[in-house]
Amino acid sequence: MVLPVVAIVGQPNVGKSTLFNRIINQRLAIVEDKPGVTRDRNYAQAEWMGHKFDLIDTGGITWEGGKIEDEIRAQAEIAIEEADVIVMLTNVVNHVTDLDERIARLLYRTKKPVILAVNKADNPEQRNDIYDFYSLGLGDPIPVSSSHGTGIGDLLDEIVNDFPAEKDSEADDVISFSMIGRPNVGKSSLVNKLLGEDRVIVANEEGTTRDAVDTPFTKDGIKFKVVDTAGIRRRGKVYEKTEKYSVLRAMSAIERSDVVLLVLDASTGIREQDKHVAGYAHEAGRGIIIVVNKWDLPEKNSTSAKEFEREIRSEFQYLDYAPILFVSAKTGQRIDQIPSMVKEVYDNQNQRIQSSVLNDLLLEASKLVPTPMIKGKRLRVYYMTQVSTNPPTFVVFVNDPELMHFSYERFLINQLRQNFDFTGTPIKILPRKRK
């Protein structure tokens, strides 16, 4: 299901990251009283009154400065393009500035719902000052205090009221997957071979595919949507604005995918950039399949696949759950296995385990390995329940979450994998204090 997207934008140092953290109720964005701290967009899922949505935090928009400021503005412009609803955050202490007016004009041209929020309205006198912001022409300003939380509920009410009408429920039946990787590993060729036609421009130049292209297709009665992304370059090589857009669109494709195919090049082996690319998908919590393309090129023997697989497992230890598929876009070798493997991973990441079964597993796990002890205090595990899917997320109720050592968390994840088929999907464990 594609969730509504909400973007928080504004000039530097008005409290966007603090508002972002307040809405998602956790500190994900770096917050510092210094303009330009948030350079990249931060994504997180949020929920208000039963309405789930994707929230984007952006860096401060400015038309002054140098290359870094231009890149930050490009990031924000992409967020604006992706958003269904835009929150323009201003600061009552600064009053209305020329920069506020320029940003307001930019947002007005989008023809999208824009909600004007005035931050740092911490007392009645400051709340009276918000009337100056009517001059921006964006409707009624909403006074908020990101740091204290006042007015956030009113803001969220307004946000969900502006969400677009829900799309046809048939969209829920479509399995979305994207192919990611550094440039020139053959992603576009894989898409064309998979679809049986030239949908994406293919050339032997890096960066041929600038945009991410969504293409629906049906295989064995199952509906899929494949997103072929522009190759992700090493950060030091991202100079042109168009290349910056390519990286941003690839990130967006990952966010919009159920399953991500990490494409490696068998002819060049694993590069450092492959690890960065894999990290994007892993951190997003998406299902992952490792696809080794150009398997027709290197000289091989009977042990070549096993040797390459060992190298993959060594270099991508955090992706030990991801299946590996050796293919050739040129010859078509094993391309027909991609849809069924995507469907298998999708099913695995959406399965639910009954709480009674999970607690039987916990009991058996406690007999295998004792719970950790820190400073003379032992972790006590009471029960476990699954709270969400895609990725499978489990809450473990304990006496003190601080006692949940990462090694024991990993042990519980391994127990889940041994007892249930979670091939291709990450698993999240969330320790919570029993009330």
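The backbone N, Cα and C atoms fix where each Cβ goes, glycine too.
Taken verbatim from Swiss-Prot:
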type    : residues                  : note
DOMAIN  : 4-167                     : domain 'EngA-type G 1'
BINDING : 10-17, 57-61, 119-122     : GTP 1 binding site
DOMAIN  : 175-350                   : domain 'EngA-type G 2'
BINDING : 181-188, 228-232, 293-296 : GTP 2 binding site
DOMAIN  : 351-435                   : domain 'KH-like'
Please compute the mean pLDDT of the model over the domain 'EngA-type G 1' (4-167).
83
Would you count the other C-beta atoms found within 10 angstroms of the C-beta of Lys187 (GTP 2 binding site) for me?
27
Could you give me the DSSP helix, strand and coil counts for the domain 'KH-like' (351-435)?
31 helix, 24 strand, 30 coil
Taking Cα atoms as reference points, rank the binding-site residues Asn13, Lys16, Thr58 by distance from Lys187 (GTP 2 binding site) and give the first.
Thr58
Top Cα neighbour of Lys16 (GTP 1 binding site) in the set of binding-site residues Gly181, Asn184, Trp295:
Gly181
Distance check, please: Cα of Ala121 (GTP 1 binding site) against Cα of Gly181 (GTP 2 binding site), rounded to an integer number of angstrom.
45
Ranked by the number of other Cβ atoms within 10 Å of their own Cβ, which of the binding-site residues Asn13, Thr58, Asn184 ranks first?
Thr58
Which same-chain residues, if any, lie at least 6 apart from Gly10 (GTP 1 binding site) yet have Cβ under 8 Å of it:
Lys16, Gly60, Ile61, Met88, Leu89, Thr90, Asp100, Ile103
Return the count of C-beta atoms lying within 10 angstroms of the C-beta of Gly181 (GTP 2 binding site), excluding that atom itself.
24
Round to the nearest Å and give the CA-to-CA distance linking Asn184 (GTP 2 binding site) with Thr58 (GTP 1 binding site).
30
